[in-house]
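Trainee: Can you read through this structure? Questions will come right after.
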Amino acid sequence: MSAIEVKNLVKKFHGQTVLHGIDLEVKPGEVVAIIGPSGSGKTTLLRSINLLEQPEAGTITVGDITIDTARSLSQQKSLIRQLRQHVGFVFQNFNLFPHRTVLENIIEGPVIVKGEPKEEATARARELLAKVGLAGKETSYPRRLSGGQQQRVAIARALAMRPEVILFDEPTSALDPELVGEVLNTIRQLAQEKRTMVIVTHEMSFARDVADRAIFMDQGRIVEQGAAKALFADPEQPRTRQFLEKFLLQ
């Protein structure tokens, strides 16, 4: 069984098609990097998997839960809630609650959504903070943290829900350059644990070295995909080669 399976996904904004019948399959334990120019549909695809965007057509399957976007999503609310409990999402701009401490941010999902005992969720949150290198920051507020620290809290928050898959939407693009490495190292650690992840990123070296598979998108379509190292070393499609040209010359 696939961890994620997307079939014939179509998304439009104001009548303009931004995803043209996308098919995507992600296996359990696979790390997939999605690359491509700005406006190519990468983030829209990622947000559609979690139904943060409502597609016009297509099916989205995570584990054994399938959403048919041709049907009214209001009639599938229970299924969508179930799907979201299986999918962690790490946003570009962290999306932490500013008026809550680090610990409160992490335990909210497990306690409110999943009904876990607060003591159990708190113990797990402390473990996760240690895992992402932020032990001792439990009572800090987001505004007191650097961007890199906030993003690592956001990763811990996603992990706290024990998701089957984690989606990362350009997790380093809002960070100062010197803070990028600490977040990438955290994601690299998760990849080594064989967690199922889909990562939209502009960090080409990271995508090549960490992902099992790379997908190049342009103008709302998947142009090319394959083993990450092979795609970066010798892309088959001229458009992929053009996009990667500067990187390949380094």
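Here the Cβ of each residue, glycine as well, is placed from N, Cα and C on the backbone.
Swiss-Prot lists these features:
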type: DOMAIN; residues: 4-244; note: domain 'ABC transporter'
type: BINDING; residues: Gly36, Pro37, Ser38, Gly39, Ser40, Gly41, Lys42, Thr43; note: ATP binding site
Trainee: Given a separation of at least six residues and a C-beta threshold under 8 Å, show me what packs close to Gly41 (ATP binding site) in the same chain.
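Mentor: Spatial neighbours, sequence-distant, of Gly41 (ATP binding site): Lys11, Val18, Leu19, Ile22, Met217, Gln219, Gly220, Arg221.
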Trainee: Counting across all protein chains present, how many other Cβ atoms fall within 10 Å of the Cβ of Pro37 (ATP binding site)?
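Mentor: Excluding its own Cβ, the number within 10 Å is 14.
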Trainee: Using the Cβ center of Gly36, Pro37, Ser38, Gly39, Ser40, Gly41, Lys42, Thr43 as the ATP site position, which other residues in that chain lie within 8 Å, going by their Cβ?
Mentor: Met217, Asp218
Trainee: Select one residue from Gly36, Gly39: among these binding-site residues, choose the one with the most other Cβ atoms within 10 Å of its Cβ.
Mentor: Gly36
Trainee: If I restrict to non-local contacts, at least six residues apart, and a C-beta distance under 8 angstroms, what lies near Ser38 (ATP binding site) in its own chain?
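Mentor: The answer is none.
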Trainee: Sort out for me which one of Ser40, Thr43 has the most neighbouring CB atoms within 10 A, since those are the binding-site residues we care about.
Mentor: Ser40
